[in-house]
Amino acid sequence: MLQTLYDYFWWERLWLPVNLTWADLEDRDGRVYAKASDLYITLPLALLFLIVRYFFELYVATPLAALLNIKEKTRLRAPPNATLEHFYLTSGKQPKQSGLSGRQVERWFRRRRNQDRPSLLKKFREASWRFTFYLIAFIAGMAVIVDKPWFYDMKKVWEGYPIQSTIPSQYWYYMIELSFYWSLLFSIASDVKRKDFKEQIIHHVATIILISFSWFANYIRAGTLIMALHDSSDYLLESAKMFNYAGWKNTCNNIFIIFAIVFIITRLVILPFWILHCTLVYPLELYPAFFGYYFFNSMMGVLQLLHIFWAYLILRMAHKFITGKELGGVARPETSGQGLTIRKTQFLRKRQFKKGWEEGCPLKKTSSAFNGPTATEQLLAFHTAHLVVVVPSKFCPSPDSSEEEEKGWCVVKTADNPCPWGY
């Protein structure tokens, strides 16, 4: 049975155009062709990447973080509580009564959530490793393809296909790229979990399938173009993250704007209108469509959908940087001497407002509350009436004064403040 499955999997009609067999791709006359067995080396190379990454983060990224004054942040740990811990791990990360007061339960969950949050140092080390790889990979990829005729004339990608021999530079470019994405997939559980976690998994799996299939089916020329195109913007994003974690906001914003421009041009213009056109249209001029043709372009379609999704998120962030608006909702205050300057009109997030209203905070719930032409006046009046003070995080009374301490602010509740949701 296994032999039957093996024979069906490697059936020539799945991988190669009509009238061609694997015998046509056997090495001869000094010409070397791509083989499935070549990819076995990528798994041990992926493990090697994980080892290299460990030492890179320890001996390169960590000292660099120290130079930029990025340090591990000490956080108060939640005291042991078996009931709350079980609920936290199995049912959710929001408070539940367990023999403690409501305030104590909220504080326990806040500290427990903080324990799971990755530190700035961890984020910086991860971004440093990816930046280093993507930059080197982009330079190496351009060196591999820039002198090739199909880099300038897309029709030459299919010249002589599939009887196209490989050269050592193409072999190593493929093996290193595929090994790196295997390593990302292996480490995804321990890496920083972001909002697009599921999309990242889909991206890594689709990329691994695409690289592997393009090697099997000898789509190598198209594959090198696609990999170099992707690497052209990734290192810019990782460098922007590094400067963000270091607190260099203006540099981060400027690099991010450049990244957004490069991403839009490469992923939403060059990829669909040049590369996809090359893989969809030109092959049909040489041979009838076969399973591999449909499969490869389907995977390219999945990547393109992810690019559109990420482009939407990138444009939202770019809009925030250009206009100075905080899309998340809460304004970050600025201090000048002993005074407090409100530089945004929106103060409280919706969930904080909703919680305060449900728990009886004496605040009128109106459609214009904290949002509108008189928002600043309302905010200052609210401060005066309810003695809520907004301060930068470095002035917070304790490391867990606010769930948003890492964003640079906290809301400090005074003794006379009746609102239970003021931190």
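Keep in mind that glycine also has a Cβ here, set from the backbone N, Cα and C atoms.
Please treat TrEMBL annotations as automatic predictions, because they have not gone through curation.
Some features that TrEMBL has for this protein:
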- 45-68: transmembrane segment (TRANSMEM)
- 122-323: domain 'TLC' (DOMAIN)
- 131-151: transmembrane segment (TRANSMEM)
- 171-189: transmembrane segment (TRANSMEM)
- 201-220: transmembrane segment (TRANSMEM)
- 255-282: transmembrane segment (TRANSMEM)
- 294-315: transmembrane segment (TRANSMEM)
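Remote same-chain residues near the transmembrane segment (201-220) are listed as 15-16, 25, 33-34, 36, 38-39, 161-162, 164, 166, 170, 174, 177-178, 181-182, 184-185, 188, 226-227, 279, 292, 295-296, 299-300, 302-303, 306 (criterion: CB distance under 8 Å, separation of at least six residues from the stretch ends).
Mean pLDDT for the domain 'TLC' (122-323) in the predicted structure: 91. If one looks beyond the transmembrane segment (171-189) by at least 6 residues along the same chain, the residues whose Cβ comes under 8 Å of a Cβ in the stretch are 38-39, 41-43, 45-50, 53, 133, 137, 140-141, 144, 197, 200-201, 204-205, 207-208, 211-212, 215, 220, 223-224, 227. Residues 121, 124-126, 128-129, 132, 175-176, 179-180, 182-183, 186-187, 246-247 of the same chain sit 6 or more residues outside the transmembrane segment (45-68) yet have a Cβ under 8 Å from a Cβ within it.
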